[in-house]
C-alpha cells in the first residue's frame with residue numbers, strides 16, 4: 001500500500017526524534033537535486049556517496065554517472081569526433097588545411113575531459129557546502145527503516161532520518177563469459193582510459209554502445225559493434241535501422257546476431273575474442289580494447305533493503321514506486337533504480353526536486369514520466385519524443401494513426417557534398433480531428449537541440465494542424481518538421497525536390 005506524504009502532515013522541521021529530516025543515498029544528479037531543494041526549503045539533509053572502483057581500478061568523484069562517466073564526457077568526446085568531420089569539410093569551404101596532419105591525440109583529449117569533470121566535482125562539493133547539505137563520502141546501508149549505517153574512511157557512523165531517498169543509480173553489467181571482467185572495460189572506464197583505445201570491439205547495441213563506437217570511429221579508431229538481437233531495442237526500429245546504416249557508411253563494423261564466447265589476452269597484449277552467430281558458426285579476431293555495453297544493473301543489492309522492508313521487482317534490482325514512494329511510506333526512490341521509468345539524468349533531477357517540494361514545501365506537483373525527450377549521440381544524432389511507430393500501432397491500431405515522413409537536405413552538407421541519405425524524420429499522429437501528435441523522431445545534425453523544443457509542444461497537445469501552420473526558420477533542419485506533409489499511407493516519395501521544396 002502506498003501513501004501520499006506532504007509537508008502539511010509533517011512535524012515541524014528539526015522537531016522530531018531523528019537526526020536528519022532527509023538522508024539521500026547516492027550523490028548523483030537526482031539525489032543531489034533532491035538534497036539541495038530540500039535544504040533550501042529548510043530541511044536538515046545529508047548525502048552519502050561512494051564509488052566502488054571498476055575491475056581495472058577506475059573511480060571518480062561526487063556527481064554520479066552523468067557528470068563522471070556518462071552524459072558529460074560522452075558529449076565532449078562526441079563533439080571531438082564531430083570536430084574531426086568539420087575539419088574535413090573545411091577545405092571545401094576555402095580553409096587551407098593539411099589533411100595528412102589532421103589527427104586526434106587521445107591523451108590530450110582524455111586529459112581535457114578529465115580536467116572538466118574534476119572541476120565539476122569541485123563545484124558540486126562547494127555548492128553542497130554553501131547550501132548547507134552535509135556530504136559524507138561513505139557507503140550507506142540500511143540498519144532499519146529509519147537508520148543508515150555509513151562506512152567511511154574515518155570509520156563507521158550511524159545516521160537516523162525521518163525520510164530516506166534511494167538514488168544510488170546503476171553500473172554497467174559484464175558478460176559472464178571467460179575473460180570479460182579480467183580483460184574487458186565498460187563506459188565507466190573508456191573516458192579515462194590511460195592508453196589509446198585502438199581497435200575496439202563494443203559488445204552491445206544499445207545507445208551507450210552505439211555512442212561509444214561512434215565517437216571512437218570519429219576519433220580515428222577501428223570500431224566494431226556486436227549485436228545480440230536488435231539495435232536500439234527500446235527505440236523506434238525504423239529509426240534504429242537508419243542509424244545503423246549511417247554508422248556503417250562511416251565505417252563502423254557491425255556483427256549481427258552474434259554472442260561472445262571468450263576474451264583472452266595474448267602475449268603481445270592484444271585481446272583475442274571468440275564469438276558465435278545465430279547459426280552456431282564460430283569466429284574470432286584480435287582487438288586492442290573490448291568494451292561491454294550490455295545493459296546496467298541498479299545498485300540496490302548493496303543497500304541491505306531487507307532491513308528496511310523495501311521490496312525489489314524486475315530482475316531483483318529495481319524498485320517499483322508510486323510518485324517516487326516505495327512500499328515503505330517514508331522511503332523514496334528516484335533515478336535509475338526505478339522500475340520501468342526512463343533512465344535519464346533530467347528525469348531523476350526533476351523527480352528529485354518535485355519530491356522535496358512535496359515533502360518540505362507544501363507542493364502537490366507530481367512527476368510526469370510520459371513524453372520525455374531523449375537523444376542518441378551517434379555520429380548522425382537521433383532525437384525523439386513520444387511513441388515509437390511500433391508502440392503507436394500497438395496502442396491505437398494501424399487504421400487510427402497517420403505517419404508523416406520526409407528525407408531532407410541540411411544546407412551545411414551541400415558544399416562539402418556530405419551524404420544526406422540518412423537525414424530523415426517522421427511524425428506519428430492520430431487520424432481523427434486535428435490529428436494529435438503522439439510521436440516525433442528526427443535523425444540529423446543537432447538532433448537534441450531540435451527535439452527539445454518539440455518536446456514542449458507535444459506536452460501541450462501538439463496537432464498536425466498546428467505543426468503545418470507553423471512558419472519555420474529558414475534555412476534550418478528544425479524547420480523540416482513544419483514542412484512535413486507526405487504520409488506513408490499515400491505511398492508518395494518522401495525525398496525533397498529542392499532545398500526549399
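Cβ from N, Cα, C; glycine included.
According to TrEMBL, the feature domain 'FAD/NAD(P)-binding' maps to 20-352. In this model, the domain 'FAD/NAD(P)-binding' (20-352) carries an average pLDDT of 97.
Look at TrEMBL and you will find 66-71 tagged as disulfide bond.
Marked as FAD binding site by TrEMBL: 75, 140, 336. Same-chain residues at least 6 positions away in sequence with a Cβ under 8 Å from that of residue 336 (FAD binding site) are, in sequence order, 65, 169, 170, 296, 298, 343, 348.
Around the Cβ of residue 295 (NAD(+) binding site), the same chain contributes 172, 173, 204, 206, each under 8 angstroms and 6 or more positions distant in sequence. Summarising the annotation, TrEMBL assigns NAD(+) binding site to 204, 205, 206, 207, 208, 209, 210, 211, 295.
Sequence annotations record features per position, and here TrEMBL assigns domain 'Pyridine nucleotide-disulphide oxidoreductase dimerisation' to 372-482.
Among the features that TrEMBL reports, active site, proton acceptor is placed at 474.
Of all the binding-site residues listed (140, 204, 206), 206 has the fewest other CB atoms within 10 A of its CB. Listed recorded positions: 66, 71, 208, 210. The one with the lowest count of other Cβ atoms within 10 Å of its Cβ is 71. Taking Cα separation as the measure, residue 71 (disulfide bond) is nearest to 208 of the recorded positions 208, 210, 474.
With the fewest other Cβ atoms inside 10 Å of its Cβ, the least crowded of the recorded positions 75, 474 in this structure is 474.
Nearest by CA distance to residue 140 (FAD binding site), out of the recorded positions 66, 210, 474, is 66.
Distances between the Cα of residue 474 (active site, proton acceptor) and those of the recorded positions 66, 75, 208, 210 are shortest for 75. Across the domain 'Pyridine nucleotide-disulphide oxidoreductase dimerisation' (372-482), DSSP classifies residues as 34 helix, 31 strand, 46 coil.
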